[in-house]
Each structure stands twice: as C-alpha cells, then as structure tokens.
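Peer 1: Just passing along the structure, written as structure tokens.
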Amino acid sequence: MPRTVSDGGEDFDGDVSSQTGSHRHTDSNSTHHHHGYKVGFPPARGLFAEFADGVKETFFADDPLREYKDQSRSKKLWLSLVHLFPVLDWARSYKFSMFKGDFIAGLTIASLCIPQDIGYAKLAFLPAHVGLYSSFVPPLVYAMMGSSRDIAIGPVAVVSLLLGTLLQEEIDPVKSPYEYSRLAFTATFFAGITQAMLGFFRLGFIIEFLSHAAIIGFMAGAAVTIALQQLKGFLGIKKFTKKSDIISVMESVWGNVHHGWNYQTILIGASFLAFLLTTKYIAKKNKKLFWVSAIAPLISVVISTFCVYITRADKQGVAIVKDIKQGINPPSFHLIYWSGPYLAKGFRIGVVAGMVALTEAIAIGRTFAAMKDYQIDGNKEMVALGTMNIVGSMTSCYVATGSFSRSAVNYMAGCKTAVSNVVMAIVVMLTLLLITPLFKYTPNAILASIIINAVVSLVDYETAYLIWKVDKMDFVALLGAFFGVVFASVEYGLLIAVAISLGKILLQVTRPRTALLGNLPRTTIYRNVEQYPEAAKVPGVMIVRVDSAIYFTNSNYVKERILRWLRDEEDQQQEQKLSKTEFLIVELSPVTDIDTSGIHALEELLKALEKRKIQLILANPGPAVIQKLRSAKFTELIGDDKIFLSVGDAVKKFAPKSALNV
C-alpha cells in the first residue's frame, strides 16, 4: 500500500482510513485497529544480505553495473572501454558543426590560460614553462577520459598557492630549484594517485565532507591570500616574505614602502588591472561580450611586453619574466622521488593538493553539468583527473584541475565537448614550440594583475550573504575557513573548514530534534505544536516525535529529552489543575534506524514511565526499527497492543473521548 509520510510522519491513507472508520465501534478486545491494519514486520534477512545491501548503497549507489546486464562478452568489453574512455562514446556522434563551437572556445581559453599559467607557475615557485606544460598534457588526457563537456583543465590559483606554500616549507625554491621541482613532480604524482584511487574504490563521498559553505569561505580566503601574494610583482618589491598570511604580507609591503616600491611597475600593474577589471565588468553586463574579458589578459601581455621592450623599462628596475624554456614537455619520470625522505613529504603534500584540486574540479563539473542538463559521474571524474595528473607528473607538469574562470569562459564561448580542451592544448603546444621567446620582456606586474583579476571572482559574497540568511552554523564554517586561510595558511584554513563541517554533523547527530505534537482541529492529523499553534494537546496523552535515527550517540539525549517534556507537562498540569498524563505516545516515523543503545534507552524510558504510572505507546515504526525492536524482544516487553500504525489510531484506542471530539 503506497504511503505518503509527511512532516509529522502521519500516514496519509492511515488518516483517511481513520476518518472513514471513526464512526465504527472500536472493539477493545481486538489486538488493535478497527480497520484491520497492524504494524507490519518486514521479512527477516540474513546477515550477509544486510551487509551486502549496506556496501552496495555506500559504494555503488549509482548502480554502475546496470548497463552490463544481459550483454554479450564483446559488448561488455566495449562498455568497459567506454566507461574508461567516454571519448569513444561521444566521438562517434561528433559533427563538424560542433567543432566550430569547440574551436572558438578552445582558442578563447588558450588566450586566457597562457598568461595565467605563467603567473600560476610563479605562485607555485616553479619555472614559467612548467605552468604551460601543465596546460598541454593534462587536458589531452582529460579529453579522452573525462565526462564533463565544459570543464577547462589546467593549473589553478588555489592549488598553485597551496603547492607553493607546502613545498617551500621543505625545500627553498631559490637555492635548490632542481630538488624543488623534483618534489613538485613527486607531489603531483601522489595527488594523481590519490584522486584515481578515490575514484577507483568509489570513495567519492569523502570529499562531500567539505560543505558548500566551507568551500565558499576557503575559496574567498585563498583569493585574498593570492591577491596579497601578487603585491610583490604588482609593486615591484624585491625582498618579500615567504609566508602567506595577511600580517606577514602587510609587514613586507609597508616595510618596503620608501625604497622597495618601483613606480614604473606600479603604473604598468595598476593601468592594466583597471583595463582587465573594466573588461570583466563589460562582460558581466553583456553576456555576449564575454570574449572581451577572455582575451583581455593576452592583449595586456602583448601591449605591456611591447612597451617594456621599446622603453627598456627592465633597466629601470621593472622585473620581467626573462627566458621561458622553448620546446614541449620533457619526460620527468626519473625525477620523481621513489625513495628517501622526500618520498613521504611528496606523498603528504600530494594527498592534500589532490583533495583540494578534486573538490574544485567536481564542484565546477557539477555546476556546468546542471546548467546544460547532463549527468557527470563523480567517481569516473576522479579516475580521469587522477590519471591526468599521474601522466602529468611524468611529463614535467604540476597538479592540474578544472579552472572556474576558464570553464566559465569555455561555457560562454559555446564549447560543445571536451574537444575545446584539445584545441587549447594544441595552441599551448604551438606557443611552447614557437613563441615562448617573445615573453622574455613580459613584466611580472602584468602577471600579478592577471592573477588578481582572475581570483576576484572567487570571492562569492552573494552566496555568503545567502548562507548567512539561511543557516548561521554554515556561515560559521564559511568564516572559519576564510579567516583560517587569510590569517594562518591555506592548510589551516582547510583544516578549520573540515573540522567545523564535521562538528556540525556531530552536533546534528548527537542532539536530534524532538517535537511535541498536537491534534489539528476536526482532523486525525497530529503536528508539531510550535509549527501549528492551533494544534490542540490531547488531555491525558502526551505525543512526542523524535526526528532522527536513535543511535548510541544520541540515545541518552533522546530519553532525557522525552522525560524533560514530561516534567514540563506535569508542572503545567499542577498549575492549571489539568488531568494527569496517562499515556506517552512516541511517534517513530522519522526514526529510520535504531541500535542496541537506542533500544536500551527505550527500556530505561519504559521503566521511568512505569514508576509514574504512564503507559508507553509507539506509533508508526519503520521496517528497520520494528525488526530490531522485535529481535531485542522489546515488542514483547511493551506488548503488541501498544504499537500502532498512526498516532490517530493510538489516541482513538486510549483516549476515545478526545478522538470523538475531533
């Protein structure tokens, strides 16, 4: 029989049957319910079946083997290949008309990614060409294995900052650049291994522990930190702090104000930042002009490089990029630390960077998939991102992931498939082969402006305000992550974000909500008296609803809370000289599960009620709950005639006078 369980857990059809049956004679000898329905017991299941079911729901909730049923062996092999390489599926229906959109999108994101990559590599304290390498190999691997059509792959600001911070704690990038880049490739390898393993073992739910609010706060904090780090290039400061927290950076900036700032650099940086922000504003106001802001960074690079070359401003102290190595990615498999003390350090840094990169990529993939109304498989994405970083670590790349700014531009430019990533990768390859020498005179100030302009959009104050309005606890997580990143470091911000998110879960698990129910006039519906002030309490009967599973973490609290409701009720009865409570009905429909501690708490509640001469009645227990109560012999202890299909039925049986008044 279909049941619609609503807020109060009343069974809708139970209500209807109660209403139709309300004029019938209630036979007190029948075990219960006038209309013949008793609480049903689900069929008993073996331990193995229950365990298998639990595992399936945890790891295979999306039923990945569904399409393999009843297929021939060759078809199964083909499906497995398609599962690993989605390109085999969509490439068959790829048309030339789609290529036009992909080609334009690819060129647009390439023009945006080239200047960004050079800047992001600086953020990770790696040579500029490594940034470009990371936009050549990983996007090609992703195009074959990824399931998102819109995500644009490459280095991103947040991960670059995180890597830079963690790596330079171990090795000084200035004194030993060779060892530093070796550690960076090692970290990238382990970041890829982490991502691929999470996907392979279907542990994608682990990254769900970072709540949406915590991610918003973390991103905003990282944006502020990144922007502050760019003040070095923006102001032309030579001696700058290695730390990323706001206090150290500000001390560094103001300490250099009289003799450390370079005014030509500031002029270049400020004028082009104004230009970039203006183009961003134009693109925001008119969505059709998105290409203006996408191509602005490249224009800025070209113009500023030209100006510096003509005026030879580098002689007046304007810091320039200098030489970017020409040619495409050399292999770096032999550079990864396979043993020694740096292996463990690379592993630790890789796991952290891999998780952050994954969180960002999955969030971006889901956002754009929702816009275009298609599904992406989180576990498949993780395997794709992981493989791409493993291959990247062996071809001189550092951690790449989905970039929000580039994915947005990719989406706006009308990309149809992952081919836009391939186009971008080819443009980056041609850049590496042919035009890297032209970047020699590019001022660092421009890269700083481009990065500041890119990270401004990571500060999502509208969502932050919405979170503040909806859920104050979520907002605390957001602030914790934000201030952690800004005042301490990226890792602390992450730790705080995870800790607050976990704290919130624990709070909800250990302190579930309970509600007092009352009867809505002229119905057999019982609802929360706080939500429905017109709901009347039934004389002599107290009805409590528990709004969560009852486990060892909260069983004691649930019992104490119910007894507290009773005490408050008794005080009220004495004051107003009302009839004493004789029955306590516990509405169990929201209780999805119960464990031995929960049953023990119910037994203690029963004893406490017997002392007060109050009868305990249970209403609408779910299949898992009634099964366990029966196994623990609690149903025998309380008596089968004290377990009802709905609160309405229980009231009708034990307080017939009140039931007739409705």
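Cβ from N, Cα, C; glycine included.
Curation plays no part in TrEMBL annotations; they are all automatic predictions.
What TrEMBL records for this protein is below:
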DOMAIN    531-654  domain 'STAS'
REGION    1-35  region 'Disordered'
TRANSMEM  151-168  transmembrane segment
TRANSMEM  180-201  transmembrane segment
TRANSMEM  213-231  transmembrane segment
TRANSMEM  260-277  transmembrane segment
TRANSMEM  289-311  transmembrane segment
TRANSMEM  347-370  transmembrane segment
TRANSMEM  382-401  transmembrane segment
TRANSMEM  421-439  transmembrane segment
TRANSMEM  446-468  transmembrane segment
TRANSMEM  480-503  transmembrane segment
Peer 1: Who are the long-range neighbours of the transmembrane segment (180-201) in its own chain, taking Cβ under 8 Å and residues 6 or more past its ends?
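Peer 2: Same-chain contacts beyond the flanks: 59, 124-127, 130, 163, 166-168, 170-173, 207, 332, 335-337, 342-343, 345-347, 349-351, 353-355, 357-358, 378-394, 396-399.
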Peer 1: For the transmembrane segment (480-503) and the transmembrane segment (151-168), does the number of C-beta pairs under 8 Å, pairs 6 or more apart in sequence, reach 3 or more?
Peer 2: yes
Peer 1: Summarise the domain 'STAS' (531-654) by DSSP state, stating how many residues are helix, strand and coil.
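Peer 2: Per-class counts: 63 helix, 21 strand, 40 coil.
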Peer 1: Can at least 3 Cβ pairs under 8 A be found between the transmembrane segment (382-401) and the transmembrane segment (260-277), with each pair 6 or more apart in sequence?
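Peer 2: Result for the transmembrane segment (382-401) with the transmembrane segment (260-277) is no.
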Peer 1: Grab the same-chain neighbours of the transmembrane segment (289-311) for me: Cβ-Cβ under 8 Å, and only residues 6 or more beyond its ends, written as numbers and ranges.
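Peer 2: Same-chain contacts beyond the ends: 108-109, 111-112, 114-116, 268, 272, 275-276, 279-280, 282-283, 318, 320, 409, 412-413, 438-439, 441-443, 445-446, 449-450, 453.
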Peer 1: Quickly jot the same-chain residues contacting the transmembrane segment (260-277) by Cβ under 8 Å, restricted to those at least six beyond its ends, or write none.
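Peer 2: The answer is 233-239, 293, 296-297, 300, 303-304, 307-308, 313, 316-319, 443-446, 448-450, 452-453, 456.
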